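Written out below as structure tokens is the structure these notes cover.
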């Protein structure tokens, strides 16, 4: 009799424990659903909630990385200003539906609503109404995976979603980005930062096309010629400098400002170089930068004589040597620091050789 009572008591204790566990699980799931509902309702009432959640997403994603977190928050503020400017145009234009679509699609990811609205409005502004609000094909996979791993932990699920989105962006960013913007944003090692750079570049190019008309096409053809010419440089910084110099020469040629034969222009450039040699003795790289800055400030036209071409070729060769020497650095900041030290050391070596030659003569 006592033995049966003991077995029955254990059975009732087991049932009671199972009921408690079910109640806890239901409470956690309900709490997560309540948080998501509260987030969606708050953001629907006040568009400024998008900005707040976007900033919170930057904090979750980058944590102690102050530089990238500030860059992410700056993009949040930029998108918020654009949405405020577009607020007056929403009535009757159909663009107001972007927000409701994004709210439904990202009700459990409030930090993505602001970016989604910006992308939707850009597509609507370009006349492409049939494009989906979110082009990421792996969005549903990420959501299902993170819900299984972090059931009941809303904040943990947000971090999981961020990591999953970042991996998805890293896999398909090269397929979705226009070539000029992708080339311009290669310097960013972090996929999320590179994607934001590409989106900002796309916005600028769309604004140029809207306001500039044919000038944007002309700029694109000029950039294509310079891109082919500067493709030989493997280092990103050297290639960008080559592109800037090439495009500047193209603009000067198109504007009819080729004044290389004018003695006054030569005197202007020579004066800058002489001043910078005195100011930065022994540092050839600083002499070049100082001379370029001085020529821009003084308005000196770029020389097209053999000396200028030789200097540019010499600088390119030096940059190629330095880029090969520093290519083992994966971190962009360390690679740039290595490049600067290499150029500075190379400039001193060239000056020492020059002084030695003068002493021998």
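Note that Cβ sites are derived from N, Cα and C of the backbone, with glycine treated the same way.
Listed features, source Swiss-Prot:
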- 1-30: signal peptide (SIGNAL)
- 98-120: disulfide bond (DISULFID)
- 102-116: disulfide bond (DISULFID)
- 142-164: disulfide bond (DISULFID)
- 146-160: disulfide bond (DISULFID)
- 296-307: compositional bias 'Basic and acidic residues' (COMPBIAS)
- 296-361: region 'Disordered' (REGION)
- 308-318: compositional bias 'Acidic residues' (COMPBIAS)
- 322-342: disulfide bond (DISULFID)
- 326-338: disulfide bond (DISULFID)
- 328-341: compositional bias 'Basic and acidic residues' (COMPBIAS)
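Features as recorded by Swiss-Prot, highlighted on the structure.
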residue	record	DSSP (3 states)
98	disulfide bond	helix
116	disulfide bond	helix
142	disulfide bond	helix
160	disulfide bond	helix
322	disulfide bond	helix
342	disulfide bond	helix
Disulfide-bonded residues near residue 164 (disulfide bond): from 102, 116, 120, 146, 338, Cα within 10 Å gives 146
In angstrom units, rounded to an integer, how far apart are the Cα atoms of residue 98 (disulfide bond) and residue 338 (disulfide bond)? 47
Please report how many Å separate the Cα atom of residue 322 (disulfide bond) from that of residue 338 (disulfide bond), as a whole number. 8
I need the nearest neighbour of residue 120 (disulfide bond) among the disulfide-bonded residues 102, 142, 146, 160, 338, using C-alpha distances. 102
Other than its own, how many Cβ atoms are within 10 Å of the Cβ belonging to residue 142 (disulfide bond)? 20
Given a separation of at least six residues and a C-beta threshold under 8 Å, show me what packs close to residue 338 (disulfide bond) in the same chain. 322, 325, 326, 329
What disulfide-bonded residues in the list 102, 116, 142, 342 lie within 10 angstroms of residue 160 (disulfide bond), counting C-alpha atoms? 142
Cβ atoms other than its own within 10 Å of the Cβ of residue 160 (disulfide bond), all chains, total 19
Rounding to whole Å, the Cα atoms of residue 146 (disulfide bond) and residue 116 (disulfide bond) are apart by 20
Roughly how many Å lie between the Cα atoms of residue 342 (disulfide bond) and residue 116 (disulfide bond), rounded to a whole value? 44
